[in-house]
Amino acid sequence: MEPFPSDRVQLPRNMIENSMFEEEPDVVDLAKEPCLHPLEPDEVEYEPRSSRLLVRGLGEQEIDDDEEDYESSAKLLGMSFMNRSSGLQNNMSVYRQNPNGSCSVPSTRTVVVCTVVFVIAFSLIIVIYLLPKCTFTKEGCHKKNRTMELIYPLATNGKLFPWAKVRLPPDVVPLHYDLVLQPNLTTLKFSGSVKIVVNILHVTQKIVLHSSGLNITKATIASAQGHQAKLVEFLEYPLHDQIALMAPEALLAGQNYTVNMEYSSNLSDTYYGFYKISYEDENSKQRWFAATQFEPLAARSAFPCFDEPALKATFLIKIKRDEKLSTLSNMPKKATTPVTNGIVQDEFFVSLKMSTYLVAFVVADLKNISRITNGTLVCVCKFCFVLPKLTRLLNKTKMSPNQQANSVSLKFVYLLHFIELIIAMGQKLCAIKWTEVSVYAIPQHVNQIGYALDTTVKLLKFYQNYFLMKYPLEKLDLVAIPDFQSGAMENWGLITFRETALLFDSNTSSARDKKLITSVIAHELAHQWFGNLVTMEWWNDLWLNEGFATFMEYFAMEEVFPELHSGASLLLMLKHYLSKDVFQAGIEVYLHNHSYGTAQSDDLWDSMNEITNGTLDVKKMMKTWIGHKGFPLVTVVRKGKIISVQQEKFLFRVEPENWTSDASYLWHIPLTYITNRCNFTHCTNAFLLDQKSAVIELPEEVEWIKFNVDMNGYYIVHYAEDWKTLIDLLKKNHTALSPKDRANLINNIFNVARLGRESLEKAFELIDYLSKENSTAPLTQALFQLSLIYSLLDKKGEQQLAARVMHRIEHLLGDKIDQQRWTDDGALSERELRSTLLAFACTHDIRNCRTTAAKMFETWMKSNGTVSPPSDVMKAVFAVGAKSNDGWEFLLKMYFSSVSESEKNKMIEALASTEDARKLIWYEGAKKLLMQNSLEGEVIRSQELSHIIATVSQSLPGYLLAWDFVKESWEKLTRKFHLGSYTIRNIISWSTSQFATKAHLLEVKSFFESKSEESSQLRCVKEAIDTIQLNIQWMERNLAKLQELL
């Protein structure tokens, strides 16, 4: 799953974030839901301690003796009354008011009853507390040195629920689901039935599975022998989203049983589960659209299921619908049959074995375009199992980590694939397999899906060739959803997208829009293998999905769309170190060994080790990255031909003043470097830094050395005494380094300067060469770093100093801004640079940018929106137009009528960027903030809210307004977007990232501490607080220096 595309703009989580990592790092903070995500079996995230003791039972907690005795007894006493407390409330008013307002004296009976209750309760507590070495469970007192049984929680009906853990019991596994659904897009409700074939692994009398918000009306169990289904009692425990079916007799190990349930529910009004979406059609008529978003834990809100990634099964899905609508699901449609007047049922083919979070269905009025991909020869034979075994014969062949493409061993791998094909052909079990690729959208957007179809076909072909493994389904659908929280979701065979991440309008979509669409498609297609075919066993290994998808996104962009390529990742670093072919062979082994199953991190590294055959222990190396938070800082000292390198943790978070680096933070870093003796890519040298410090001895002395060639590594470099040498190199001959290396130096020096390890003066000195720079990467990196400084000073009230920073930017980049043409001409990288520079220049009124943009906006307005400005400069033109009253009102009117999502995206950003705070309010029955309207989704979709808040937060008048809105709307925000969502993370990050005072730090801390424990303990809240602390530290360290420097 991709985050909301507009969230991919460059904003660090704190002032020292490594901005060269364009995406969320694929190993650091690896979670699709970055604030909140499922944990290990014995972990319940952000649950209060008392709740954990009650829910999970005693004996699992390690607490102090006195505390354990007290809490144990308290919970034993409290559980019996938990579900009756509401019923007792009316009887608890012992003291009542007289008509005159005074309190009456309690009756004698009341006093006696209260006294007796108090004495009994006090006596029980004393007895329990004084019992030596004793803790009470449901069976009485157990000595502490013995294993204690769980205390089972209470179900909604007051009975004991037979399971106390978050993870489901291992007694039962699902094999197959028959799911029938009937959504009603008039009542906005749905009904359903599910038939689950389960296998019993251990004798049990209960089947525990997931259900959330479903009104279950009937449940039965039948044996596989065809015995009549028997009604069973079912218990519900909403805190864990679990239900338990209580069988009338023991369910025998090794036997299959069929569970059948009927239920109903409302279509969700959030972005989670089976949810409803409203939109206007070409005739401005309101229409409804139903879609799913199940990852990570929401399949259970659409049908009762075993909602854990490892519990894979096959699915037969049937959906009843209005005959005027369409349905889509993971598999191709098998048949459509009439049900009643105007209602038909679509039945889909049985799916492959997959996890519940990948199940998907859509019910809507959709149009599509399709293409049959080139046929692939697929052969099946009884000898095919030999391939993985023969591949492992490579263990007998020693291979170097940097072995190149002419490796005899690797050629042997390809020969084995050819042998497999010949054997299968000899058995005459070969066939040509085709895949139908389709892109769907609502009817008014069907003319914007052509680019997505072309891109998908190209990328699908690339992935199949790279993995040497056919895409396993007969169809692949991509659907643009009118209101979608994330960027996209990789449901197997039915990938869902936000419209801005899939729709491309040749008249209004910019080069940057094209890059975003391409990268999101590349990411989601990679998931069809990494995540869908092979799935992480539990969410703590989510990086196996996301890390690989991110890596393949970058790699596929580099191979298929080189003009759009950018980004870095941990796996990209590993690929460059092992060599392209060794890495590819390891991936092939991994996919073949774990297809249709689950995997853990070690499985991937073991597959790599099968190929390296002991020449490099990939598992040992990569565990140092998976096991540590953050990333390393490498300090380089050059003396003659001796290069000393030393690693430490890059201080990603605020640490106490007396903090010293933890010795356990030791990465195995595959360093790469070039020198003046040979500074081309094919001359790249490698060195594995697997100690705190090491020495590299060069063959001869060099004038300069540059580490992390082309930013392929996942580390920051501090050159200590050698920064001056590199600064001189850039001034004299900047093309001696590649554009990526130049961008990398800019990034690194500003980051180490923010740490206080280098002076800001030297960082500014390094970018003095930019007047000679023509490449996009270093120019945009420098602009990003300087913009961070400007924004902090501006919000801190240091407007004069901020103006001097802006003057410095104009001095460095003014000529580049003047050279930009207000067209869509040139290479894609040139067009992207044009968009960035002109948008920045117009926002800050540099040179004549606003004059040109205002003329173009006037032309567009006079044409009533029919003569659009060039797409690459549209953002700058709209931003300038929104600064006038008439322009702002016209943009708002055009936003309502535009059918181009990329154009609307630029409009909403322009509307939110106004410096007139009053313009963030309009009249729609009553005064409503632009942000408030988006939250309610009345005119502006709720999916745009984080984008609006991000834009509002960047302006001086808006950043406090954005934070006030978050505070006032927190409860509504957390109801609309679940706490673990990218939206909540980005709302918190954007609305607080500009703060740099102790007063604001205290305000943010106090606000979240006043909220629920779930909210206050979110990782993104802690990161927001870290950001403010780092901003404060940066100000204290650099404010006076900047005043001298500028």
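Cβ coordinates come from backbone N, Cα and C, glycine included.
According to TrEMBL, the protein carries these features:
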- 111-131: transmembrane segment (TRANSMEM)
- 173-358: domain 'Aminopeptidase N-like N-terminal' (DOMAIN)
- 451-564: domain 'Peptidase M1 membrane alanine aminopeptidase' (DOMAIN)
- HIS523, HIS527, GLU546: Zn(2+) binding site (BINDING)
- GLU524: active site, proton acceptor (ACT_SITE)
- 567-625: domain 'Peptidase M1 membrane alanine aminopeptidase' (DOMAIN)
- 704-1029: domain 'ERAP1-like C-terminal' (DOMAIN)
- Would you say which of the recorded positions GLU524, GLU546 has the most Cβ atoms within 10 Å of its own Cβ? GLU524
- Item | Whole-number Å value for how far GLU524 (active site, proton acceptor) lies from GLU546 (Zn(2+) binding site) (Cα to Cα) | 10
- Task: Provide the three-state DSSP residue tally for the domain 'Peptidase M1 membrane alanine aminopeptidase' (451-564): helix first, then strand, then coil.
- Result: 61 helix, 18 strand, 35 coil
- Message: Using Cβ atoms only, which residues of the same chain lie under 8 Å from HIS523 (Zn(2+) binding site) while being at least 6 residues apart in sequence?
- Response: GLU2, ALA488, ALA549, THR550, MET552, GLU553
- Sorted by sequence, non-HIS523, HIS527, GLU546 residues with Cβ within 8 Å of centre, Zn(2+): MET1, GLU2, GLU490, GLU524, ALA526, PHE530, GLY531, ASN545, PHE548, ALA549, THR550, MET552, GLU553
- Query: Near HIS527 (Zn(2+) binding site), which residues of its chain come within a Cβ-Cβ distance under 8 Å, counting only those 6 or more away in sequence?
  - Reply: MET1, GLU490, ASN545, ALA549
- Item | Secondary structure content of the domain 'Peptidase M1 membrane alanine aminopeptidase' (567-625), with strand meaning DSSP E or B | 44 helix, 3 strand, 12 coil
